[in-house]
Structure formats: structure tokens, C-alpha cells
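Trainee: Provided herewith is a single structure, encoded as C-alpha cells, for subsequent inquiry.
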Amino acid sequence: MATCFWLRSCGARRLGSTFPGCRLRPRAGGLVPASGPAPGPAQLRCYAGGLAGLSAALLRTDSFVGGRWLPAAATFPVQDPASGAALGMVADCGVREARAAVRAAYEAFCSWREVSAKERSSLLRKWYNLMIQNKDDLARIITAESGKPLKEAHGEILYSAFFLEWFSEEARRVYGDIIYTPAKDRRALVLKQPIGVAAVITPWNFPSAMITRKVGAALAAGCTVVVKPAEDTPFSALALAELASQAGIPSGVYNVIPCSRKNAKEVGEAICTDPLVSKISFTGSTTTGKILLHHAANSVKRVSMELGGLAPFIVFDSANVDQAVAGALASKFRNTGQTCVCSNRFLVQRGIHDAFVKAFAEAMKKNLHVGNGFEEGTTQGPLINEKAVEKVEKQVNDAVSKGATIVTGGKRHQLGKNFFEPTLLCNVTQDMLCTHEETFGPLAPVIKFDTEEEAIAIANAADVGLAGYFYSQDPAQIWRVAEQLEVGMVGVNEGLISSVECPFGGVKQSGLGREGSKYGIDEYLELKYVCYGGL
């Protein structure tokens with residue numbers, strides 16, 4: 001069993017006897033929960049002591065395959081991005097473990113697809129209930145491994161759990177069709193059937209929600225999954241596996257294979273090219289998405305891709321400045337700017353430009369507080385690693401060298417190497433890196449424009465199109481701009497747009513397919529036409 005550190009000394013408690021640790025085992029004729037003691041407690045370390053009292057059963061370090069916790073031949077370290085301290089050593093899965101996980105998922109699929117929609121719904125609901133019961137501990141795991149402020153981590157856990165709740169309900173609403181044909185002795189049926197095993201590859205910035213948004217839909221449809229979590233944040237995926245086991249999700253239905261950055265490429269390729277895998281779902285960079293699309297093309301697998309963004313945030317002269325500033329803070333600085341729908345380019349009309357920049361700078365200084373995610377009042381945690389900081393630094397230096405002005409921020413924060421000051425730039429032009437490279441950090445560059453047509457042209461001058469935002473009080477303009485923005489999601493006078501009930505996804509090179517909403521489950525279903533003759 002892979003090892004972790006420190007938790008024994010902080011008095012971690014175990015889950016109560018109502019939900020004892022258990023594993024799952026196959027049985028002839030079906031898949032059932034298996035009894036037996038869970039492995040011993042994992043131990044994590046966080047310099048802020050934020051994991052004291054955490055449920056030890058949630059702190060897993062081995063892979064979860066076929067309902068069993070399995071070690072790997074090697075381990076890799078997971079670090080607290082705030083302090084750089086080691087949180088623990090996690091199983092470093094390779095190609096062999098990846099193929100074993102796919103086989104386990106495929107064997108489980110043969111039985112899981114036959115489980116009634118009502119029963120699948122019930123199991124997903126139990127999983128949701130367990131997430132809610134353990135929400136505080138799950139949030140602290142997120143903060144420990146990603147650096148996200150604890151308040152935001154709590155928000156992510158609720159968001160994550162709501163996907164399980166939503167798809168537990170959608171599981172019972174997978175309807176087909178009856179089509180009356182021209183021939184009197186025939187009837188045509190359209191069935192919806194689960195596609196098979198899904199390979200799920202998730203990012204570090206939402207280590208829980210990006211799993212349940214995919215896995216909830218897959219399991220509701222009758223598919224099984226192999227999850228490869230980001231190497232920076234494997235603990236959240238493994239904690240979800242523990243709760244899935246407790247909920248009674250059968251062996252092999254949900255599998256997790258953590259791996260190091262060194263093994264990530266070969267493990268990703270192994271699960272995406274395996275002939276037993278029918279579906280690939282990925283959230284991450286456009287560059288990596290293209291590689292996975294190439295893997296999928298060789299065997300024509302179904303894909304869902306939620307890739308990079310370069311979200312414009314447009315402020316027209318008619319906008320309410322206070323509302324626009326509030327929306328800008330929310331859309332830019334959530335998770336320290338590390339979300340795919342974060343505003344990356346601020347386009348502000350000349351007549352309101354100076355007032356907006358002044359108010360935005362004041363709001364940033366007043367409301368954004370850099371610190372460790374476990375500390376009360378922190379709104380801006382660390383970036384995930386030093387490479388992310390270097391990217392922000394590079395964009396700031398490039399912009400300044402080309403004539404941009406630093407209004408506030410602009411440099412690394414004194415707290416440590418992974419912290420960067422929330423930064424606002426003005427006098428930004430379109431030849432600067434920050435206007436055509438996704439930042440993924442706390443940098444807000446402001447471009448001044450004159451006309452609506454100019455703003456639309458700048459906003460659409462990108463090969464990606466995930467989200468876009470704009471503020472206006474002109475009803476006619478609202479309709480024009482909303483329809484003309486080349487993005488998959490639009491926020492009108494609103495900076496936070498994600499919801500489990502609404503479809504999430506982009507256009508252009510921002511991806512393929514939609515997640516969440518009533519449309520999300522269709523990504524894991526095949527249509528089958530049945531012609532019934534001789535009537």
C-alpha cells in the first residue's frame with residue numbers, strides 16, 4: 001500500500017459504523033458489494049494543519065480497480081502547492097494497471113448495463129448522500145492538494161455532488177421513440193443503449209466536479225468508467241472511489257488509476273487506444289485534447305472534449321459599472337484564475353473605460369486576499385505549481401515590454417514561489433501574449449474599444465470558443481451580441497454561469513459535446529433503430 005504522512009498525529013477519526021469501509025467482488029450471476037476490512041488509514045500532511053480530524057477512510061493512496069484497493073510497483077509524491085510540502089505517496093500506475101482497469105470495467109459493463117434504471121438511480125443517489133455527509137472532509141482534501149481556498153472547495157463539493165443527484169434523476173428519463181412507417185405491417189423503434197466502457201481523464205483545477213460531471217452521466221446511462229485523475233490532485237478521485245464503494249456501486253463500475261506526470265502520457269494512450277474502450281471523455285488543454293482525438297480516430301471511438309478557452313469579458317458604455325466589476329471579479333479570480341471559463345480578455349468601451357478600470361482596481365485591492373487556502377479570509381490561493389506562475393509572469397513581462405501599464409499587482413507574491421499577485425493591466429493591445437494565450441492565473445488585461453462591431457471582432461478573433469461574458473443595459477444590443485459571440489456559453493450581466501442543469505461545452509477548438517444538463521447523458525448512449533415487421 002502506498003504511504004502517506006502525518007495524519008496519525010493529528011487524531012484523524014474513522015467513518016462511523018453506519019458506513020464501514022468495504023470492497024466489492026464479482027459473483028456468478030451479478031455484481032455485489034463485498035465485505036472485508038478496508039486498508040489502514042492514509043496519512044496526509046498540510047503545513048496549515050487543515051486536515052486535522054479528517055476521516056482517515058477517505059484518504060486513499062492505492063489504485064481502485066475491480067472493487068479492490070491495489071498498490072502499484074512504484075509511487076509518486078503529491079505536494080501541497082501552498083508550501084511545497086509532501087502530502088503523501090500515491091500508487092504510480094502504468095500501462096499494465098491501466099489495461100487491468102479497462103478489463104475490470106469491461107467485465108462489469110456486461111452486468112451493469114442490465115441493472116434497471118431505477119436501481120442505477122438509487123445507487124447514484126446513495127453516492128450523492130455520502131458526498132453530502134462527508135462534504136467538509138472532501139473540501140479539505142481539495143484545498144490540501146490544489147491550494148483552492150476552503151470556501152471555494154466547499155462550493156466545488158456541493159457542485160460535484162449535485163451532478164450525482166442530477167444524473168440519478170436523469171437515469172430514469174432515458175426515453176426512446178416509436179416511429180410509424182409507411183408500411184402498415186411495420187413499426188420502427190428507436191432504443192437508447194449504453195455505449196460501453198468510458199475512459200475519463202480529468203484536470204486538477206476541479207478535481208472532484210470534473211469527475212462526477214462525467215461519471216454521473218456515464219453510470220446513469222449504464223456505462224462503466226476508468227478514471228485517470230490529474231497527477232497533482234489524485235486524492236479527490238480516490239476519496240470518491242471510497243464513497244462509491246460505500247454506496248454499493250458494483251465492482252469494476254468505477255475504477256481509478258492515479259499516475260505520475262512521467263507515466264501520464266503512456267497511461268492516457270493505453271486507456272484511449274484499448275479496443276475494449278468505447279468512449280473517451282477529457283477535460284484539459286486543447287493541445288492534449290488533439291493528441292487524444294488522434295488516439296480515438298484510429299478505432300473511431302466516441303469522444304467528449306472540454307478544452308481550452310480564451311473568454312472575452314465585454315463592458316459596453318451602457319453597462320452598470322458596479323455590476324460589471326462584481327462580475328469581473330467573479331469570472332476572473334475564482335480559483336485564482338485557474339478555470340477554463342475564466343475571463344481572459346477584458347474589452348471595455350472607451351466611454352466607460354476609465355471608470356471601470358478605476359473601480360476594478362479598487363475592488364481587487366479590497367476583496368482579493370492572497371493566502372493559504374485553509375486560512376480564514378483567503379480568496380486567492382497558490383497557483384498549482386511554479387510552471388503556472390512562470391506563465392503568468394511571462395505574459396505580464398511581455399505586455400509591459402509592449403506598452404501595457406500595470407495598474408495593480410504584477411509580480412510574485414511574498415508568500416512563496418507558487419503565489420502571484422492579482423494583476424490588472426491597461427493599455428493592452430492584441431499583439432500581447434495575454435490576449436491570445438490562455439493565462440490560467442490571476443491576470444486581467446484590459447483592451448479599450450470604440451464600437452460594438454470592433455468588440456465582436458476582437459472577441460471572435462480566437463480559434464477557441466468556450467465562454468464569453470458581456471455587460472450591457474441595451475436590450476437590442478444584448479440579443480445581437482449574445483447571438484454573434486462565437487462561444488458555447490454566454491453570460492449576460494452575469495459572471496458565474498455554470499450549473500448542473502445547463503449544458504457545458506464550447507465551439508471551435510474548445511471541444512466537442514456537452515456535459516451536465518439533460519443533454520449530458522446522451523454522450524454515453526447509442527441510438528439503435530429496430531424495424532419490427534410482419535405485424
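Glycine is no exception: its Cβ is also placed from the backbone N, Cα and C atoms.
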Trainee: Please pick, from ARG213, ARG261, ARG302, ARG412, the residue that Swiss-Prot records in the substrate site together with ARG334, SER498.
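Mentor: Record check against Swiss-Prot: substrate site with ARG334, SER498, extra candidate from ARG213, ARG261, ARG302, ARG412 is ARG213.
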Trainee: By a 10 A CB contact count over all chains shown, which of the recorded positions listed here is most packed: ASN205, SER285, THR287, SER498, SER499?
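Mentor: Compared across ASN205, SER285, THR287, SER498, SER499, the most Cβ atoms within 10 Å surround ASN205.
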Trainee: Between ARG213, ARG334, LYS365, which of the recorded positions has its C-beta surrounded by the fewest other C-beta atoms within 10 Å?
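Mentor: Least crowded of the recorded positions ARG213, ARG334, LYS365, by Cβ count within 10 Å, is LYS365.
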Trainee: Measuring Cα to Cα, tell me the gap between LYS365 (N6-acetyllysine) and ASN205 (site 'Transition state stabilizer') in whole angstrom.
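Mentor: Cα to Cα, LYS365 (N6-acetyllysine) and ASN205 (site 'Transition state stabilizer') are separated by 24 Å.
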Trainee: At a 10 Å cut-off from the C-beta of LYS265 (N6-acetyllysine), count the other C-beta atoms across all protein chains.
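Mentor: Its Cβ has 12 other Cβ atoms within 10 Å.
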Trainee: Can you check which residue among the modified residues LYS126, LYS411 has the largest number of Cβ atoms within 10 Å of its own?
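Mentor: Neighbour-count leader: LYS126.
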Trainee: Same-chain residues six or more away whose CB lies under 8 A from the CB of PRO229 (NAD(+) binding site)?
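Mentor: Correct list: THR202, PRO207, ILE211, SER236, ALA237, LEU238, VAL256, PRO258.
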Trainee: Once the DSSP letters are reduced so that anything not helix or strand counts as coil, what is SER498 (substrate binding site)?
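Mentor: Looking at the DSSP assignment, SER498 (substrate binding site) belongs to neither helix nor strand, so coil.
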